Each structure stands twice: as structure tokens, then as C-alpha cells.
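Visitor: Here's a structure for you.
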Amino acid sequence: MSKYTVLSGFAFLMALSNSVAAIAGLWSVTNQQTQVYVLAIESATLLLLVANAYFIMRSVEASVPQFKMAKLCFLALLLCVCGDVVNFNLAQQFYSHSNVIKHDYLIDSIWFFAPGYVLLICALWPVISRLYTIKSLIIYLFLTVAVAVTCYLNMVMFNSGTYIMSMSLLYSVLIALPACCAILILFALDKWYSSPDIFVIALGLILAPVADAIIGMLWLFGNDGVGYFPLARELNWIVYIASQCIVIHIPRVLMIERIKTNSRNRAYIQQQVSAQS
């Protein structure tokens, strides 16, 4: 097990223990006496993730394609961390954009999360573009948009205002793309030839929209706009950190230069022991 995996595992355990303790009532972000400790643990978790992503980026700098991918993943994480800070709602502002949605500060964080996940998709593009034709990708894109819009229409409150509705719709479509990429990678790569780590990366990409679905259904639009808070916050934190702990390893697992075609005309990523150390 590499040191990068250990650091990600430790970051996830920090997030899991913090959220489980909060759900159990040992402390809470809504309690003025314990709020500072909760935010301190969450901040430490994010800093550990950033450090690990940086270490991973430095570990692949010998390969130009992987280093470019790692830089995009690192910048994506930094933008998402900025979005996390917005979601901390340190100013305790509610109903800022609407008198319907209490936790509408979550919409403001999209200005950071959206470009962050765009960078993540850009990091995946060299792999996806080698596995599929542009025509096929356009078809899958339309299917993803259709599914995302359908899910969005089932949770949105239509009286929440133009800003909230437009931003949340845009982000609902965007955040569905990592899951689409995960499915495409799993379908294209031959599982018998590729590393089992491929499945873990796919899981991390799928967890990204799951985390944001928790926000949309339970935190933002749930309970008639009041939200199931702080339960939704804690559930989201567990899933979100799990996703981030995994996707920062994309440059170590999805080796662009090692995508090969086997005798069954199926793609696979050639394994190399040194690449996983």
C-alpha cells in the first residue's frame, strides 16, 4: 500500500469519525461551543487532501501527460476546497437569494465547484478520447444531460427564484458528467487486463454526483426549502470526502501512455509495479 493511499485513507477516517460523532450527537456544527472543533477537523481533512494531491502530482512529474493530468486534478481540488469554505457558511447567512430556500449559500459555492469539476473532466479527457469516438461521446453526453435534467426536475422547487434554479440546473448537468466518465471507462476497459484500481477510481467519480444529490434533495430543496440540517451536511461530507480521497489518485491509475489494445480488441491500461508505488 502506497503512502498516498494511506494519506487518503486517513483523511476519509477523519471525515467519517467526525460526521458519525456529529450524527450521534457528540458535537455539532450548530452548537456554538463545539462548532469550532468541527470546522477545525474538517479544515484539517481538506488540508491533508490538498497535501496528498500535491504529493501525487510531484510523483508523476516525470511523465508529461500524467503531470498535466495531475495538475488539473490538483487545481480542481483547490477550487472545490474554496467551495467547501463557502458551504461552511461562516457568516451564518440564510435566505440570501430567496425567502424560500434557507441554505441558498450552497448555490454560491457552485461558482467554485463547477469550474473545479470542469477541470476534473478535462483531466479525464485524454483517456476518454482514446477509448471512444467523438460521435459516440456526443450521444452519451445527450443521454447524461437527459438523465440529469430528469433528476433535477424531480427535486427542484420552482418558486425558489431564477438564480437558484438556473445555477442548480447547470450544476446538476455538470456534476453528472464524472459519473458518465466512470461508466464509459468501465465499459471500455477490459477488466481482466486492467488494474483493479480502475474500479476504485470509477467509484470515486460516481460518488461525486451522489454527494451533490444529497445536497440537492436533503440540504437545499429538502423539507420544503428548510433542509434536513445538519444531518444532510454530515451525510454529504462523508460521501464527498470519500470521492475526493479517490479522484486525486486518477493520475496514478489512469496512465494515458499505457492504454493498449488486446487480442479481443478491448482497451486496457498496461500495469507497471513502479507506477503504483
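Including glycine, each Cβ sits where the backbone N, Cα and C put it.
A TrEMBL annotation is a machine prediction, not a hand-curated record.
Per TrEMBL, signal peptide is recorded for 1-22. The transmembrane segment annotation in TrEMBL covers 37-57, 69-90, 110-128, 137-157, 169-189, 198-222, 237-256.
Where in this structure would I find these features, and how exposed are they?
Guide: Residues 28-29, 38, 41-42, 44-45, 48-49, 51-52, 55-56, 59, 230, 234-235, 237-238, 241-242, 245-246, 248-249, 252, 276-277 of the same chain, all 6+ positions outside the signal peptide (1-22), place their C-beta atoms under 8 angstroms from a C-beta of that stretch.
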Visitor: Is the transmembrane segment (137-157) in contact with the transmembrane segment (198-222), using three or more Cβ pairs under 8 angstroms as the rule and ignoring pairs under 6 apart in sequence?
Guide: yes
Visitor: Which sequence positions outside the transmembrane segment (69-90), separated from its termini by at least 6 residues, show Cβ-Cβ distances below 8 Å to it?
Guide: 39, 42, 46, 49-50, 53-54, 56-57, 60-61, 103, 105-106, 108-113, 115-117, 119-120, 122-123, 126, 244, 247-248, 250-251, 254, 256
Visitor: Using Cβ atoms and a strict cutoff of less than 8 Å, what residues sit near the transmembrane segment (37-57) while being 6 or more residues removed from its termini?
Guide: 3-4, 7-8, 10-11, 14-15, 18, 22, 27-29, 67, 70-71, 73-74, 77-78, 81, 84, 88, 90, 237, 241, 244-245, 248-249, 251-252
